[in-house]
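Participant: One structure follows; several queries about it will come next.
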Amino acid sequence: MTDLPDSTRWQLWIVAFGFFMQSLDTTIVNTALPSMAQSLGESPLHMHMVIVSYVLTVAVMLPASGWLADKVGVRNIFFTAIVLFTLGSLFCALSATLNELLLARALQGVGGAMMVPVGRLTVMKIVPREQYMAAMTFVTLPGQVGPLLGPALGGLLVEYASWHWIFLINIPVGIIGAIATLMLMPNYTMQTRRFDLSGFLLLAVGMAVLTLALDGSKGTGLSPLAIAGLAAIGVVALVLYLLHARNNNRALFSLKLFRTRTFSLGLAGSFAGRIGSGMLPFMTPVFLQIGLGFSPFHAGLMMIPMVLGSMGMKRIVVQVVNRFGYRRVLVATTLGLSLVTLLFMTTALLGWYYVLPFVLFLQGMVNSTRFSSMNTLTLKDLPDNLASSGNSLLSMIMQLSMSIGVTIAGLLLGLFGSQHVSVDSSTTQTVFMYTWLSMALIIALPAFIFARVPNDTHQNVAISRRKRSAQ
């Protein structure tokens, strides 16, 4: 990339800053949840909604981000994304109640939903095709550093300042990024087809109200009748989308995608698999602090081995899949993650704290292998004319399933615990034990889906790529 113009390199730095802000925010909040609950006078059982409100908003807004960038221009949308994310961060820090915090997190989510996909689109437009991979590696590197710094930085800020600072640190970075975007980034636009507003609204309503219904009386305090009503509205909205998308060439996501068997299996497995995996980043720091009495900073440090294991495994995951095939790898890693979850619970409750970093490192390795395998399985056989749509749908499903996973984790804590779980409670560790056992079962269930993946040991990633490049 040294032969790129200085202006292009600066534009890549702007995109990289956006990736860093978004990735840091996904992990820095988790460590601060118990302190937020204490400050806002809320039960820790309700704090999962701080994560859900952000991730669910990202899932809802993702399908519109690419169209908006093409229609309005990448500079305008990227600038808007940074401004909304920064304003959301400010409002989060100023929140005095949980409801105010949830609304501010949703505003952050609108910005976060546009920041990463529009950043990728920007790189595609400003960098020559032969240098695209190198450029994407450069801009996504800060996105890998964010999850590594997030838990420890969040714990440090909470322990030695207050939870408000996990949001306030975004403000100077956001201001610099917004100014640099206006000054340095070109405003590329493209001719766009008509946006499928009807399909977008149906999907948005379906995802949002079903997640709220799942949260139920434990999180939202709704009556059983209201929960049933929300569930009915959500199901009807999704059914109406299926009817809307049938034989509709302008649908947000074409149903032709599901004619590819590996896409259907991969998407179903990704949805179910990330529900289980989505529980872990939320539950682990909460368990360490409330269940075991760790300080916020200590709990944040304990999360670093998991991120290191995930980053380290990415270097060899392709060779692993090439050697053993998708079915074996996905079934083994799904069951393995369930067993590692049980191992983490057991070692923690037995007080073997010196073993926990090794267990979390192993958890990161297994989870990373499964994530990478699920992603490539889902997309590898799609025809070129459906690849972009399939990738967008997968991105949306990833965010939706993670929000559902966090919701279910909060629901399990509510089912097994009382309204106020605290470190001093004699039943707290029992509550967490039953919750972890239930999570391990949920994590293992997608193995039944992955067992239906064709036995492709000899039709692996490298071969599949060569076939597609030859077409």
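Positions of Cβ are set from backbone N, Cα and C atoms, glycine also.
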Participant: Please state if Glu100 and Gly417 fall on one side of the membrane according to Swiss-Prot.
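Facilitator: No, Swiss-Prot places Glu100 and Gly417 on opposite sides of the membrane.
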Participant: Which one, 77-97, 138-158, 286-306, 396-416, has the most C-beta pairs under 8 Å toward the transmembrane segment (12-32)?
Facilitator: 138-158
Participant: Could you name the stretch, out of 77-97, 102-124, 225-245, 286-306, with the greatest number of CB pairs under 8 A to the transmembrane segment (49-69)?
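Facilitator: The stretch with the most contacts is 102-124.
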Participant: In the same chain, which residue numbers or ranges, 6 or more beyond the ends of the transmembrane segment (396-416), come under 8 angstroms Cβ to Cβ?
Facilitator: 44-49, 51-52, 55-56, 58-59, 62-63, 207, 211, 214-216, 218-219, 267, 270-279, 282-283, 430-432, 434-435, 438-439, 442
Participant: Going along the chain, which residues at least six beyond the ends of the transmembrane segment (102-124) come within the CB cut-off of under 8 Å?
Facilitator: 11-12, 15, 18-19, 21-22, 25, 49-50, 53-62, 65-66, 68-70, 74, 77-78, 80-89, 91-92, 94-95, 132, 135-136, 139, 143, 185, 188, 392, 395
Participant: Can you name the far-off residues of the same chain, 6+ from the ends of the topological domain 'Periplasmic' (70-76), with a Cβ under 8 Å from a Cβ of it?
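Facilitator: That would be 118, 121-122, 125, 181-182, 185-192, 195.
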Participant: Using DSSP, what is the helix/strand/coil residue split across the topological domain 'Cytoplasmic' (33-48)?
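Facilitator: Going by DSSP assignments, the topological domain 'Cytoplasmic' (33-48) contains 12 helix, 0 strand, 4 coil.
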Participant: Between the transmembrane segment (286-306) and the stretches 77-97, 138-158, 225-245, work out which stretch tops the count of Cβ pairs under 8 Å.
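Facilitator: Highest pair count goes to 138-158.
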